[in-house]
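Straight from Swiss-Prot, the features:
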| type | residues | note |
| --- | --- | --- |
| BINDING | His358, His362, His389 | Cu cation B binding site |
| DISULFID | Cys1-Cys11 | disulfide bond |
| DISULFID | Cys93-Cys98 | disulfide bond |
| DISULFID | Cys236-Cys246 | disulfide bond |
| DISULFID | Cys348-Cys415 | disulfide bond |
| DISULFID | Cys476-Cys482 | disulfide bond |
| CARBOHYD | Asn142 | N-linked glycosylation site |
| CARBOHYD | Asn240 | N-linked glycosylation site |
| REGION | 185-560 | region 'Unit H' |
Amino acid sequence: CPTPDAPQYACCLHGMPTFRESNPNPATRAVSTPNKLFDFKSLGYNYDNLDFHGMDTAHLEAAIKKQKQKDRVFAGFLLHGIKTSADVHLKVCNAADCHEAGVVFVLGARTEMPWHFDRNYKMDITDVLHEMHIPMEALFENDSKIHLEVEIQSVDGAILDSHSLPTPSLIYAPAKGLVSQHIEDHDTETLIRKNVNSLSPSEIKNLRDALVAVQADKSGNGYQKIASYHGMPLSCHYPNGTAFACCQHGMVTFPHWHRLYMKQMEDAMKAKGAKIGIPYWDWTTTFSHLPFLVTEPKNNPFHHGYIDVADTKTTRNPRPQLFDDPEQGDQSFFYRQIAFALEQRDFCDFEIQFEMGHNAIHSWVGGSSPYGMSTLHYTSYDPLFYLHHSNTDRIWAIWQALQKYRGLPYNSANCEINKLKKPMMPFSSDDNPNEVTKAHSTGTKHLNKIQEKDRVFAGFLLRAIGQSADVNFDICRKDGECKFGGTFCVLGGQHEMAWAFDRLFLYDISRTLLQLRLDAHDDFDVKVTIMGIDGKSLPTTLLPPPTILFKPGTGTQLTR
């Protein structure tokens, strides 16, 4: 699949190769191109509901619209692959006074496919600017000293070059008005994915029995083969023969590839007797422990997986911030991340916010474990991966329902169109026994309160850094007082495909600015640190310095 511009990266640029070649599942092989995957119901599954924190589609859209009725500032990041996973620590700076504004986690590995976003990933830094007493007007002054700085740290703790990613920019988003919409009902399908915490004892037993059988299956529909699609052993190859991980992340086809991947595993379990779909773990709600389905140690195939290629078991080493909100907000860290993603009205803008929100679960569940969720190469061997991605896919389905309610496109994308029409490996492979996935292997109250306020975001431009890492950042006043601004996770590995977002990942630093008695008019700094999953600091140059973006609230008047 060579191209004139990047022959060595043909698999990434032209589809999802892992699901096309040597795929024993004809269902996933038949639908292995992204543009066939917008309609998840065509794959034969549905969710028990698409509510978000008790809000149906109509109420969720109303809450989002209210949130957008204020001016906001974002840090805009143009992200791309940096060959490793890393944390990008953002700082908002007013001259030399820098304050932590948040952290972005980039998922990647040395052998990843090249990727980049074609628009900004946005991080809300409105609150950080407020806390730093920086007026919005200051953002537009010719001699403004307001800027963003980042420190990039890989998962092994090494500090990466801060110029590994473009310097984030400040983005101003004015308040939006309200538009009346209608609700459209949807039919349900027989195969239902349920909340993991609502499963009955008989459903738990049924799922465990099915997974035991899949794990014992050594064929192309078995656990080891399907798990290998995501990372090790490497299944995709450049034209020169170099192998790389087939997982697509940091690119527009991330949701499509993983939707098909979930279908592949779900069909394997269904073939072994599963009566319901893979349950979803709704990590946007506050939780203090992992789901019981995966923590019960006895006679439980969901407790861990075995990795034949490494001759070891998967392990988990949860970080404290998984259960204790690092930002100490009113709602959970994950709720805030996904709520902002759902605000987006364009698929390409939604995708980056959505993907980065999902990354933190990988990093904070796996922690420093070399064979766990935080590693791109082995994450898919942990059964918890599939509960996590069932919820990730459900969030995409929620956004699609919102788009239909808004009267906006919900099953198409206008960025990187070429990728949406190319087969995704290994689903499109002639060896894929799953005809469904083969056919779809191409692709064309708290919330209201938040939305009433001005917001400031730190924007990070993310790309592959070759490993997984946590990105943390502080917001600092010019007098030296600093407070934690935020954290996010970069998922990656040595063999990941090259990737880079072409837009900024946005992180809300409004609350931190308020804590520091600052606003958008004040001078402040953003100090970023990046730490790998092994605890080693990474150079901040792995990622460009973040930019600050302001989103004014309802009625905010801004003169330039």
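Using the three backbone atoms N, Cα and C, a Cβ is placed for every residue, glycine included.
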If you count the other CB atoms within 10 A of the CB of Cys236 (disulfide bond), including all protein chains displayed, you should get 28
Which residue, out of the disulfide-bonded residues Cys98, Cys348, shows the minimum number of other Cβ atoms inside 10 Å of its Cβ in this structure? Cys348
Cu cation B site shell beyond His358, His362, His389, criterion: Cβ within 8 Å of Cβ centroid: His258, Asn359, Ile361, Met373, Thr379, Phe385, His388, Thr392, Leu491
Quiz question: given the disulfide-bonded residues Cys93, Cys246, Cys482, which has the greatest number of C-beta atoms lying within 10 angstroms of its own C-beta? Cys246
List, in sequence order, the same-chain residues at least six positions removed whose CB sits under 8 Å from that of His389 (Cu cation B binding site)? His258, Tyr261, Met262, His358
In whole Å, note down how far the CA of His362 (Cu cation B binding site) lies from the CA of Cys93 (disulfide bond). 30
Coarse DSSP state, helix versus strand versus coil, of Cys482 (disulfide bond): strand
Please state whether DSSP places Cys246 (disulfide bond) in a helix, a strand or coil. coil
